Every structure is written in structure tokens, then in C-alpha cells.
């Protein structure tokens, strides 16, 4: 029984042994943790049982005393199925279970993976505990791990969670039993009034699986290692953003969890997780030297937990009992004091730094441990049974918003099992206010993983012409309409029109779209937002946002939802006296609308300029004013301006009087409702040395409002610090913002002539390593305040509410409030999820259009070949350009003599047909005496010189006559012809089948007997030729297959069988009842080949990538990704495309499909359709490589563990290798030198092999220091073979003979496939779900492209405008 073994151990003698001896015992004598030595658990101990399932969460556990985690106190805890505890309810598992640390919410993760307890596979138990037995054991563990700082630690409360014999999520397959690999682990949180500690316990053999497969991995065998550690999540204090501590990163590090320790007992890990004396990060124990393993660093040398966990320890090389150990040297420092955390975060936002080295070895403890070895358990623990009935069950699943760290307002309680589970929908994934990109990858906008860099397109709008004021109701000029790049106004369906007498419940009015000739809503409603209604007035019309939205009517955003900004920044600056110029660098901003937080990130500004711009918070302060949290009777900026305005700021620095001007031009909302903005900075700024940090104190600004303009003048102080150096400065800010308003009606909600912007927190940071300048501000807009004692503020007005980030906060009386999900979301307000309008049908997309779901909204796109009509709603057919070859305007010779070739537009060329000579415009007969077959053959050969030709080339004999058998070279169809070349009806055969016999009838042949036929003949022989009525004889059909229904002789006892004759369980019938059996051998069918959504790609080099059911097209400009020109090249519904390659000679793309178990191809010419070339003998075809010289393709099959080759039409198929393969994946070919390369990610012995193209001279090329070699590419120009390893996280290259190995990049995320082009690598990544480019020479991450549709990307290849030749 758990706990009984520990209970039987004798107590340690008293007095305690000398501390030095105790530590020696810990280091050399500690045995692995047995399962019975876990903390006691079970219903008899008061544990609650988590509901079975794949993604369950407990109800909120109300703690008896608050738990301190990092620097925040929490009153509630939640336990989740997936090996994780949090202080708030969990989002859907798809939003965190397959992602790396950090999570977007507070997390304590002893084993974060995709765990499933359905169908009785294990159980999860949890409870609070104040028993002396549990608290005493926790005390001894903690004091052992922290002998100095925790010498007097005495916990008053503990929280325990135990995952017992739980399994990994698996797809349920008929006839396949679930895996027997089950895990057991435990977490204990012990706390007193000032400190909290966490204990992770992994008993010996308690971890039998070390990671789980993503649910989207389909047939591709990928496994993500479990994540172990702590995440702080989003925080109220901006300077403590994004802290986390990660203990594992590879499968080996997970394996070592039960073999190592940081306090001397293998399988036990201790961490200091919070203290009233602030910690830089989670602090692990540092006593046990991670136990005594010879392969780790000696005690005299420094080590880190992460590095030690990466080592490959096995049961064979673990030495717990070293009888010959005589001496241990102790350095003078205390190890725990030298440890600053595995992932230490300096100052503020998560800047990744190398872990500080651990202090070497151990120093004598400075406290007397009453019971220094915590391994034995108290003897008074009661035994508890192995199986007990569950009496409690967690129910409701309500929590604070995903980003909130404050204690959620939780009223849930544990209810009896007979009540139903009424969980609210999980919140939408929003990365909160993190401004930090992931640890691996280029600097990106980190606030939301779905954000893509701003496409540099769309003209800057002309400055608004603001006419002179006229009396209400009059307008003598037409105000110009702003162009909105990439944004199309939706139709008026659902929009309504009201007269001037109607009661308008809008949030604001907007622009004047009228002139002296009255314009009305009937003809101009398209100028309003789709979330607005239009109102006619005496001299024109205005737009008003609907209830639940705010803006100026032309642009409306949902109230309460988070907002995003994309843009470009350019500048001409003098930093001191040094000129610095930059152009079109990326700006991204993320705004939490319901609490006024605004985060801005600007990348790639040159270092001197970025450092000097640190105090210049007005750059990001604009977004704070635009989306500030509104106090009663106040309006933020966007309510007035909408998404088109010009913001001019002039800043004068003191004492040097340097001046700089910032102009920010808003250009509207893009297709995803992101605000587009361009920023220009010009002037002089004071020089700030490197490594100085800037601090701007909270401030208040008064804004003055007049018609179409807002102004503000204020002063700000700032300080610059570096070590002990502290400098101060100040600057004066003049702001002027102009926009357009609708003058035809009094404002529904009058804006005061002055408002006060209160900026509670200001933060600025420049990370030179990332090249990113960041600003963060928290803003409230309200009336001008007099200096007085502050009255109680409703949480809706100061942002302290617990509403979801996608919810509106409605103030009540006093400090009461309610939460309501923003339009486009659903939930209870504290947890909101996106409404998929496309799936539910609540969209307004018309015929020939496609609905694309967006967070909180959706958009419509026309299908290929269609474009929006003038109403920007109806999709109409794109008129084809004039074709001179079709309309007869060309000047070629007559059709019987020449061929007209269209080149696009009005261009064409002329070519004489075979048998004629000339320039194409004039052709004369030059060939005579040819037989019909020869004449047709030459004509067809001439046609094949042009792209897209599919004409059959007749085959002629030596006398020029038609051969009786004709086969199409591209499609594979064959047929018989008569002497005139005419097809003989009924003789055509499809590709891959036996060609028809043309000529005299063949001699009859006997097909091989099948298993069914052989079995039948053997039984009949055994029965003496005539079976009795009760004897079984297999029934076979005409083709020799087992018939689905089999019966015992002439009896009524029947059953169903599969295609191999095996009985299908549960189908055996009783007499008089015949079971309904379904054929398991599919009849021959013709696979439908729907016309793909394909348009010919542009000339030049581009990338093709596989993404589930589609192949994407990503152009390159040189080596830069042209992300704004990316598109779907080929839609293949029902497929899962994995491997992909390109034949440069025939411009054909080839791919493997693990869902259809096929290999197919398609031409890149207009109108081409997919063609399946291999559709049998495949299980899981993955890697694919094309040899354009020899017209051959090679592929790997991880289901059959084979490597095969065939001609490009699927003929001459041959197995090259079928032995010594476990998980073959990537494959590459060097056609110049005639070599083949492939990877095998066999977890026990991964390797990269090579052979000749004929399968000769097979040998291992690389098998050292590799883990999960997913991607492989051969560069014909540099002669380098390179691979991307998802296990070691490295991109490496070697010469074809295995020499000259070098690391290009050692910090990849989770690469799948890779291709080389010019001086760059491009690889698909499963963590980012995108394409990432890496410079070959520097190893730097250059850029990434994240497709709009987020799902895993598989294979990738480069398409050249020519065939690369390489060099020998």
C-alpha cells in the first residue's frame, strides 16, 4: 500500500548524526524512491477524485490559508488532467498542452503532457492536509534541500496532488488494446505564513512514458517531451512579466527525473517557489549534487540542473552505493546562494539568459536538522486500500480570465458525484500582455502567436481635409474618404437605417460622407462599418456603431475585446551628433481593452537609436490613449477618431533642448480588424550609453478636445540608471491629433472639453540581443481630478476586475460588477471563447465566397477566379484577359500551318507546325512522304515543347506504321489501335494496371491461388474430398477472396470475417439469424480528382510547404520571405500531405499522402489536376525525393519500414531497403554524385544513412549526438548534407562522406522538414506552426511566416526557375 512501506521504516536514532555525515549519507547512500514512499494518498486520507477524461479540471479548491506563488498570494487551486496545477481554471488543452514553456497562466507542472484517464486508465487525487505526519515529512524534505534558508521552515498547510497509473492520450482503434505504459507522480505544496515550497516526487519505474503525441500529428510518429517546471503567467507588476523555470527539454531529461534528485534522494525534487523576501525566480534545492552519478561533473565543479538532466543515465550506470568513496571536498560557498534559477529573468520582460552556474559542491550546513534524512515515513500512518469508491467529484469549471494573476473570484465547491458537470466553455487563447517572443525563433510580436508581421502594402492616406465649421445640418464640402489598405467593407445585410427622429443607441458618430448634393444611407451604407448602422439627416448621413461596439461608425471594434496594431516605423535621427536612419521596421501592439493595458514592440531599430528612444514613451503612449479604460462619462480616443487619424507629437528634451517630431498616421483596420499605422520619427535625441535602463514615473495628462482635433501639452521626468550611476532628465510633449467627424447631428454622448489621462505604470526596455524596443503603459481616461482623498473605485473603472480579456465589465453599485463576453465571443464573462461564425452559419458571405473565422469576428474572401464587385460583397467571375490566339487578332500563318502561343495579355508568338518551315507568320511545306503515324508523331512532339501540353505522342514501328499498343506518356492510360491509328473500343486500361493485349488472343494463364483457395483445397483434401454437413469449408469468391459471411457447413452457425479470413469478434450468430457482414475488400473504384484551387505561381524561386489538406506557396524575393504574397497552391480535401518535392524539368510537384496512402503529383500549369501515381503497397509514406536527372523518385514508409524507388510515372517500382529500419522519415538525393541519404529516428539508435541510388554501398553516416532527425536536405551547390534535429534542437551539416560536421544553429524549436536555398535554410516548425528562415553562415534566425490557418506544417521544398546543376 502506498505509504505502508515508509510507515514500517524505523525512526532515525536521536541525537541526530553530525550534519557532515548526514550529507555524506545523502550523497552516497540514497536509494531510489519506492512507490510506497510517496506521501500518503487515497480517499481514506480525504482525497478528492478528479473526473475521468482527457481534459478535465477540478473545481476551485478554496485554500485554508493563501498560497504564495512567485510574489502573488492565491486563495484557490485547480488540478488538471494533464499533469498540471494552476491558480486559475485552465483553457482548452489545445492552447497549452503541446506548447513549450512558458504557459500564459500560472502553472505548477510536475509532468505536463497530454494525459487521458478515460476508460479507467488511472486516477488523479488531490486534497489539503494539516496532519502532523504529512507536514513533518514535508518539513524534512525542505530542510534537507535548503539547509540554510529553510532551517526554521515549519509548514502549517500542505496541498497534495497524485497522478496514479495514468496513461497518455491515444486514438481508440478497434482491436488495438491501450498502451500498458502508465505513469505515477506526485506534487506537494507546503507553506507557512511567509514561504512556499514545492516537492515533485517520481517513484522508481513510475515514469513509463516520457512524452505524448500531438493530437494533430495524424500518422506521423512525433512525440513531444513532457514539460516540468513552473510558470508565473501574466502579472499585475509589469516588471515581473513572463517568469518561468523549466526543468526538462528533451526525452532524456524526462527519463532522468526518477533517477536524479536535487536533494540526494533519486526521484525527489524540491523548489522554493515564493517568499516574502522576493526571489528572482523559482529556486531549486542544491544539496544533492543531483545524486552521485559518475558521468556528471564532480563535486568540485559547477553544474546546472538542466545540464545534468540532459545526460544519458541508465540503471546500469547509476551508482547509489559507492563503498570506496573516502573524501569529499566542500567549497566555502553555500550552493543555494549561488543559484539564481534555471531561467532567470532580469529586470522585467522575459529576457533569456544563460543560467548562472551552480555553486560547486556542498558546504557544511549551518543548522541542526532534527531529522536530516526525510526518506522514512512516520510509523503512525494508517494503511489505505488499493481500491476505494469515489465519494467526491469536482464540478464547475469557472475561473478568472486566462491572463489574470490576481486571486479569482471563485464560488465553486465540491459536489456529490450525482450532480452533472456544467463547466463553462474554456477561454479563448490570448497570450496576455507578454511582449516576449518564444525562446527560439526570430523576434516577433509575442502577444499573440497568431499575429503575423505587418505586410508592407497600402498607400499612406492623404491627410484629412478638415473644412471650416458650418451650422449643424449643413455641409458644403465633401470630406475625402480614407483608403483602408486590405480592408473591404462588408455588405449591409444585418445593418439598418433610421431617421433623425429615431433613438440612437450608438457609442459615437463619425464622418460626413455628404456634399451639397445630399447623399443618403441607401447609396452609401457601404462606407459604414459592418457593426454600424446608418442614419439619414437633412443634408446627408452619418454612421453609428451598434450597441456592444465602439468607434466612430466607420470603424467599430467590440467592447471589451483585446485589440492589435500592426505597422511600420521609419526614422531620420541624430543620436547626439551621430546620424541614424532606419526604414519600415515592424511595429506590433497588443491592447487589453477592458483594463487599459497597452504593449508596444518595435523590432530592428539600430542600437544607438533604440537606446536613445527609451524615454520616448509617447511612441507607445498613443495606443494607451486610443484604448484607455474609460471612467464614467468619459471616452477614449478610438471612440472619437476611429481608425483614421494623424497624430503629431513634438518633444523637446532638457537641458540640451534636442527636438524630435513623431508623426503617426492611422490607415484603417485591416481584414482581421487590426489597426494599421505608420510612424515617422525625425529630429535629434540625447545619446544614452548602452546598458543604461530608463525609468519614467507614472504621470497624468490633460487632453483638450475641439471639433476634429485633440491637443495636449505636458512635461515628464525620467531617470537613467546603470549600476550605481543615476542620471535624470526631462522633456516637454506637445501633441496634436486630427481626425474627421460627422457634423450633421449633436454627439449622442458629449465628450467633455477636457479629459485627464492617468498612466499608472510606464515601462520601457530595449533588448539588444533581440533587437526589440518595448513600451508598456496602463491607462485610464476620465474627468480632470482635483487633489482629494480618492473615493472607492469600481473595478470596471480601474481594471482590477476578473473579467476575461475578451469580455466587457459592467459596473454595478459600489464595487459590484458583472462580466459580459464581447461580441463574437460566448461564455459567462469570466471565461469567453470565440464564436466560429463560419461553422455556425452566422456569417454574411455570399455565393462564390469563403468564410474565414477570426477571433471575435470573421471575414469573407472570394474563391479562386472570382473577385469582389463594386459593392465589396458580391463575388463575380474575373473576366479573362483578351487572348489574341483565341479572338483571331494574331498574325500567325493559317491554323493548318502554324500554332499561335499566348504569353499573357496581348503578347503571343507563332511557330510553324511539323512538316512546315518558316517564321510562324509565314510557313511553307517542307516535309513530304511521311506516313500518318510519323506525321502525327512529329506534330505531337512539337506540341510538347510548350508548357501544359498533354498531347499523346503516337508510337510508330520501323516502317512508320502505328504500333498496335499505344500508351500515354503522362497519364499512363493504354489502348489498342487499328492500322489507321484509331482506338479499338473497349481496350483502354487505367494507369498501374496490366496493358491490354493487342493482336492475337494470348494463351490462357493461371493466376496464383489465394490464401482462401489454398485453405479450402487443403480442408477438402483433409475431409476426403466431400465434407460432412457440419464441417467447415472456407467460402471464396470468384477472385479468391474470403466472402464476408462464413458458415459451418450447411448449419445456421455463421459469422463475419475480415479480408484475411479472421473472425470478426461479436458477429457469431444464433441459429436462424444471419449476421450482416460488410465486405472488407474494397471493390475497384475510380478516385475522384476534384479540380484543385490552383493558379500558376509567378516566375522566380518560391517555397512549397505541406500543411494537412493543402500545399502552400510562399514566394522568395532573393532569400526574403514574401509573406504578403503567400497563398494556397493546391487544396486536397481528405488528404494529409507530409513529404513534398519538385521536378524542375517538367514543373511538377510530387507529394506523399499518409491519409490516402498514396503518392501523387500535379503540374504547376494552369488548370492542372492531381494525378495519383502510386496507390497500393503503402502504409505511411513520409519523406519524398525527386531525381530529375534519372526521372526517378525515392520515398520512405515508416509503416512498412521500407525505402523504395520508382520512375516518376510510378512504373519500375523497387524496394531498396527493408531491413535495419525502425522509423525512416526524411530522404534526400544527390543526383550529380549519385548518392541517396535518409534519416531514421529510431529512439534507441537514431541515425543518418547513405547509399548509391541503386541501393548499393549502404552505410551509416551519422549516429552520434543526434536525437530526432526529422528534416534532411542536400545542397547541390555547397555539397553539404544538412539536417534539423527536433531532439537536440540543432541544425547541423556535414560533407557527403560524414566529415566536416558543424553546428549551424543549436536553438531550434521543433523542426519537421528543411530545405536549403542560396545562403539560407528554410524549415517548418511544429512549435510555431510556420516556416522559419536561418542564415547558413551566421546561424541567425532571419524571419518566419505563420500561415493564417494554424495547424502543423510538414514537408517543404524550394522551386527553382531552372534545374540546379550543382558541382562534382
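Cβ from N, Cα, C; glycine included.
The signal peptide feature in TrEMBL is assigned to 1-32.
The domain 'NIDO' (110-276) scores a mean pLDDT of 87 in the predicted structure. For 110-276, the entry in TrEMBL reads domain 'NIDO'.
As annotated by TrEMBL, region 'Disordered' applies to 347-468 (among others).
Here TrEMBL flags 373-385 (among others) as compositional bias 'Pro residues'.
Positions annotated as domain 'Nidogen G2 beta-barrel' by TrEMBL: 561-791.
Per TrEMBL, domain 'EGF-like' is recorded for 792-833 (among others).
Taken from TrEMBL, the feature domain 'EGF-like' applies to 834-872 (among others).
Among the features that TrEMBL reports, domain 'EGF-like' is placed at 881-924 (among others). In terms of DSSP helix, strand and coil, the domain 'EGF-like' (881-924) has 4 helix, 15 strand, 25 coil.
Annotated domain 'Thyroglobulin type-1' per TrEMBL: 930-998 (among others), in sequence order. Broken down by DSSP into helix, strand and coil, the domain 'Thyroglobulin type-1' (930-998) contains 12 helix, 11 strand, 46 coil.
Taken from TrEMBL, the feature disulfide bond covers 967-974 (among others). Over all protein chains present, the Cβ of residue 974 (disulfide bond) has 19 other Cβ atoms lying within 10 Å.
Residues or ranges marked as region 'Disordered' in TrEMBL: 986-1008 (among others).
Among the features that TrEMBL reports, compositional bias 'Pro residues' is placed at 992-1005 (among others).
Positions annotated as domain 'Thyroglobulin type-1' by TrEMBL: 1009-1077 (among others).
Long-range Cβ proximity for residue 1047 (disulfide bond), meaning a same-chain Cβ under 8 A and a gap of 6 or more residues, is found for 1032, 1035, 1053, 1054, 1055. If you look up TrEMBL, you'll see 1047-1054 (among others) marked as disulfide bond.
Annotated repeat 'LDL-receptor class B' per TrEMBL: 1147-1190 (among others), in sequence order.
The repeat 'LDL-receptor class B' feature in TrEMBL is assigned to 1191-1233 (among others). With DSSP states grouped into helix (H, G, I), strand (E, B) and coil, the repeat 'LDL-receptor class B' (1191-1233) comes out at 0 helix, 23 strand, 20 coil.
Within 10 Å of the C-beta atom of residue 967 (disulfide bond) sit 17 other C-beta atoms, taking all shown protein chains into account. All protein chains included, residue 1054 (disulfide bond) registers 18 other Cβ atoms within 10 Å of its own Cβ. Mapped onto DSSP helix, strand and coil, the domain 'EGF-like' (792-833) counts 4 helix, 15 strand, 23 coil. Across the range of the repeat 'LDL-receptor class B' (1147-1190), the DSSP-based residue counts are 0 helix, 23 strand, 21 coil.
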